[in-house]
Amino acid sequence: MPSFDTIDTLNDDTDAPAEKRVLLRVDINSPVSDGIVQDNRRFERHARTIQELSNAGYHTILLAHQGRPGGDAFISLEGHTAVLEKYLDCEVNFIDDTHGKRVAKAINATESGDVLLLENTRMCEDELPEADPNIKANTAFVQSLSKHVDAYINDAYSSAHRSHASLVGFPSMLPSYAGRVMETEYHANTAIGQKEFDGTVVMTLGGTKATDVIDVINNLAGSVDRFLLDGVVGELFLRASNVPVGFDITSETDRYDAQWKHNSKVIKSILTEHSDQITLASDLAYNEAGERAEIAVDSIIEKSVSFMDIGTTTAESYAEVIRDADAVFVKGALGVFETEAFAKGTVRVLEAIADSNCFSVVGGGDTSRAIGMYDMNRADFDHVSIAGGAYIRALTGQPLVGVEVLKSESI
Ligand SMILES: Nc1ncnc2c1ncn2[C@@H]1O[C@H](COP(=O)(O)OP(=O)(O)OP(=O)(O)O)[C@@H](O)[C@H]1O
Ligand SMILES: O=C(O)[C@H](O)COP(=O)(O)O
């Protein structure tokens, strides 16, 4: 399988970094509150790549997007400079445009070690919509920026599923490399299909998106020994086993029913085909007058409450499976962990992973947050992904166009 060149190759290829300008695509797309960007792990992770390049003497020109046009999070990147600087030993300069004469002048004025952030790429009309990499390479944005830099580095693994100009246009124009975040995320998130594990490989699957989980099971049933399920999705699997759960009785927009309608047949066939690999909850937790209450699945005889977490017995049995595993992959939360009373299942499973010597990858934008929220130590996991959509695509075996163009230009 062809791979991509990395910053190590860039360093080998480069005689005088202090004279070289590199275009670095990062993904610092983050939550925005009252128009202000909020710090999150993406800043800290990409800052390490930026610092490495700056320390080596490169002039680093940063490209990134924020939000989607029309959305509240679609803001300028000017405020992102201060957040990045929290993690860097150098200043981050900013210019409020993506290409053109002013940008060229600003890039040409940079000195060795400087970092310059360009405006939100999605404010440039050439960035969107998705199109073939060759079409994106021919845009004014890519053509003009390419003239003022010596190399392109893509560090934005978490956006690599998007065929946007800043992600796929440059590799055919410039020597191109994968950044450190791209490298780490790619190898960890594809490890499940590529690494050899001696013992049991376990995957916990939860969250709210049934189609994601179905695609993951279909893609990875040959590599994963045990799938431990819950969350909204796990309840739909219980419903397919004729347990009266997997309904949202408190809400008018029933997300369970819509997903059930589309997926019930395939869930039933997956349960039949992979019954020896799939484990469902044996007890569940719910809200009773503001308190956590639990019930054994066997005792649920009618649709009466909305379930919010796995019960204690399930949490302990999942923890035991994890204790004996050689590798554990996490996708989606096992309960509504944002509410402390219903965090037990998600936290117990993460703690069991942290306590064991297994190889572990925790992914999913939402689920990864539980580690910080409940004071667990990221260092106890081999990899905590900062990717959402790209992570699920990797688990479902779909290629990421931003990675593919890096690979093909490296051959
Ligand atoms: N029983 C449940 N009822 C309702 N919500 C649940 C339940 N169990 C888990 N969740 C919710 O699932 C969410 C995480 O699921 P999601 O499908 O978004 O997965 P993710 O992989 O972490 O994130 P993303 O796909 O957005 O990167 C959590 O916010 C949690 O509150
Ligand atoms: O947060 C993400 O998943 C990436 O930044 C991609 O953003 P998008 O879903 O708006 O393309």
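Glycine too: its Cβ is placed from the backbone N, Cα and C atoms.
Marked as substrate binding site by TrEMBL: D27, I28, N29, H65, Q66, G67, R68. Per TrEMBL, (2R)-3-phosphoglycerate binding site is recorded for R42, R122, R162. Taken from TrEMBL, the feature ATP binding site applies to E338, G364, G365, D366, T367.
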Handout entry: Chain-mates of E338, G364, G365, D366, T367 with C-beta within 8 Å of site centroid, ATP
Key = G207, G332, A333, S368, R369, A370
Practice task
Measure from the Cβ of G67 (substrate binding site) and count the other Cβ atoms within 10 Å, all protein chains considered.
Solution key: 18
Completion exercise
Among R122, R162, G364, i.e. the binding-site residues, the one with its Cα nearest that of G67 (substrate binding site) is R122
Handout entry: Cβ neighbour count within 10 Å of D27 (substrate binding site)
Key = 27
Handout entry: Neighbours of D27, I28, N29, H65, Q66, G67, R68 excl. site residues, C-beta within 8 Å of centre, substrate
Key = S30, A64, A73, N120, R122, S159
Handout entry: Cβ under 6 Å from ligand 2: qualifying binding-site residues of Q66, G67, G364
Key = none
Practice task
Enumerate in sequence order the binding-site residues G67, R122, G364, D366 whose Cβ-atom distance to ligand 1 is under 6 angstroms.
Solution key: G364, D366
Completion exercise
Widest Cα pair spacing in Å over the listed (2R)-3-phosphoglycerate contacts R42, R122, R162 is 18
Practice task
Would you list, in sequence order, the binding-site residues among R42, R122, R162, E338, G365 whose CA lies within 10 Å of the CA of Q66 (substrate binding site)?
Solution key: R122
Exercise for the section: Round to a whole number and give the Cα-to-Cα distance in Å for the pair I28 (substrate binding site) and G364 (ATP binding site). Expected result: 16
Fill in the blank from the handout: Students should find that the Cα atoms of H65 (substrate binding site) and G365 (ATP binding site) sit apart, in Å rounded to an integer, by 17
Exercise for the section: State the Cα to Cα distance, in Å, between R162 ((2R)-3-phosphoglycerate binding site) and R68 (substrate binding site), rounded to an integer. Expected result: 13
Practice task
Tally every other Cβ atom lying within 10 Å of the Cβ atom of R42 ((2R)-3-phosphoglycerate binding site).
Solution key: 21
Practice task
Could you measure the widest C-alpha to C-alpha distance across E338, G364, G365, D366, T367, the residues recorded as binding ATP, and give it to a whole number of angstrom?
Solution key: 14
Practice task
Using R42 ((2R)-3-phosphoglycerate binding site) as the reference point, find which of the binding-site residues R68, E338, G365, D366, T367 has the shortest Cα-to-Cα distance to it.
Solution key: G365
